[in-house]
Amino acid sequence: MAIVSSNAEPSKGAPRPKPSRVVDAARQLDDSAELSATKEDGLRPRRLDDYIGQRELKQVLGIAIQAAMGRGEALDHVLLYGPPGLGKTTMAMVLAEELGVTCRITSAPALERPRDIVGLLVNLQPKEVLFIDEIHRLTRVAEELLYPAMEDRRLDLTVGKGSTARTRALELPPFTLVGATTRAGALSSPLRDRFGLIQRLEFYGQEDLQAIVMRAAGLLTLQLSPEACAEIARRCRGTPRIANRLLRRVRDVACVREVSGCIDVKLVDEALTLHRVDGKGLDASDRRLLELLLQSHGGGPVGLDTLAAALGEDPTTLEAVVEPYLLQLGFLQRTPRGRVVTAAGRGHLGWPADEGDAA
């Protein structure tokens, strides 16, 4: 049960939350001016049929949507987790579009005080989608407010202090909470267990990424050769968000070079090399870490704190941002003694193999 300041009188309405982004699924299809204001939104698919990849996820959610609409109920609460950039926010907007309702978008760090989340909940319309990004960062008080809201569609509030305190239970309309996180393990068990659908988003394969790049190129009115499309897909780390970002950088170079026809693989290579993205998708930070390990420490093992100090980076940044893709490629290995460059990592940077290398 949460305590709300007695300054917020019930008769004067619910306290106002911090501004949240509201996406009206029906209006979004017709309002091209609003779409062009946000480039990322302009490249997002809006229906499940347009959403490329994540086939198992689409199948599960498609069945859940049809069942909920057939019963005339709100969709069950959904938790989406996985690495950043794979389409969790996009999927929340797609769900709202399929259900024909509004999607209210906010993030956990914006919900600092009880009144922030109370204001959001009491202003929800029936069957609306409430999307909370980085939901693992919710405060304990915010989580406790969500428990009865998710389970019983009820908001339990204690208004006032001391002898004047009184308890109020506010009925909420049926709604769908969609939570997104890159750290599902950081969610408390009571919160995680209240989601009816818990789904992981996986990295995308080459074929799906090529389809995503080709679709985005069409929306940006670019002509890409199949080879150029495949090259961008190879360098985007299996992540649509990065693929779209690289495509825009290619568009910039094509614009400056005044390329009027089809963009070929040579121009793609020129553009991505300019931004120091190599053939495997490694950027300058990735290569700097590997080169430091090889040049200064013979390939490792080296502790995380030592690496961070030498690179001038925060250890958390290295562990959460730089290392995951190197581990995924098999270029880096975490051992009890520290980080080690593998034989594959040596080969990519052109270093000779060493008998002591990790396989």
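Every residue, even glycine, has its Cβ placed from backbone N, Cα and C.
Swiss-Prot lists 1-22 with the feature region 'Disordered'.
The annotation region 'Large ATPase domain (RuvB-L)' is assigned in Swiss-Prot to 13-204 on the grounds of sequence analysis.
Residues annotated as ATP binding site in Swiss-Prot: Leu43, Arg44, Gly85, Lys88, Thr89, Thr90, Arg194, Tyr204, Arg241. Under the DSSP three-state reduction, Thr89 (ATP binding site) is assigned to helix.
Taken from Swiss-Prot, the feature Mg(2+) binding site covers Thr89, and the record attributes it to sequence analysis. Residues near Thr89 (ATP binding site) in space but far in sequence (CB under 8 A, at least 6 apart, same chain), listed by position: Ile105, Phe131, Asp133, Ala180.
The region 'Small ATPAse domain (RuvB-S)' feature in Swiss-Prot is assigned to 205-276. Each residue in the region 'Small ATPAse domain (RuvB-S)' (205-276) gets a DSSP state, and the totals come to 50 helix, 2 strand, 20 coil.
If you look up Swiss-Prot, you'll see 279-359 marked as region 'Head domain (RuvB-H)', on the strength of sequence analysis. Under DSSP, the residues of the region 'Head domain (RuvB-H)' (279-359) split into helix, strand and coil as follows: 44 helix, 11 strand, 26 coil.
The 10 Å shell around the Cβ of Arg334 (DNA binding site) contains 14 further Cβ atoms across the protein chains shown. Per Swiss-Prot, DNA binding site is recorded for Arg334, Arg339, and the stated evidence type is sequence analysis.
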Top of the binding-site residues Arg194, Arg339 by count of other CB atoms within 10 A is Arg339
Of the binding-site residues listed here (Leu43, Gly85, Arg194, Arg241), which is spatially closest to Arg334 (DNA binding site) when Cα positions are compared?
Gly85
Taking only the Cα atoms, work out how far Arg339 (DNA binding site) lies from Arg194 (ATP binding site), in Å, as a whole number.
38
Cβ neighbours of Leu43 (ATP binding site) where a neighbour is any other Cβ within 10 Å
21
Long-range Cβ list for Gly85 (ATP binding site), cut-off under 8 Å, min separation 6+ in sequence, same chain only, gives Thr239, Pro240, Arg241, Ile242
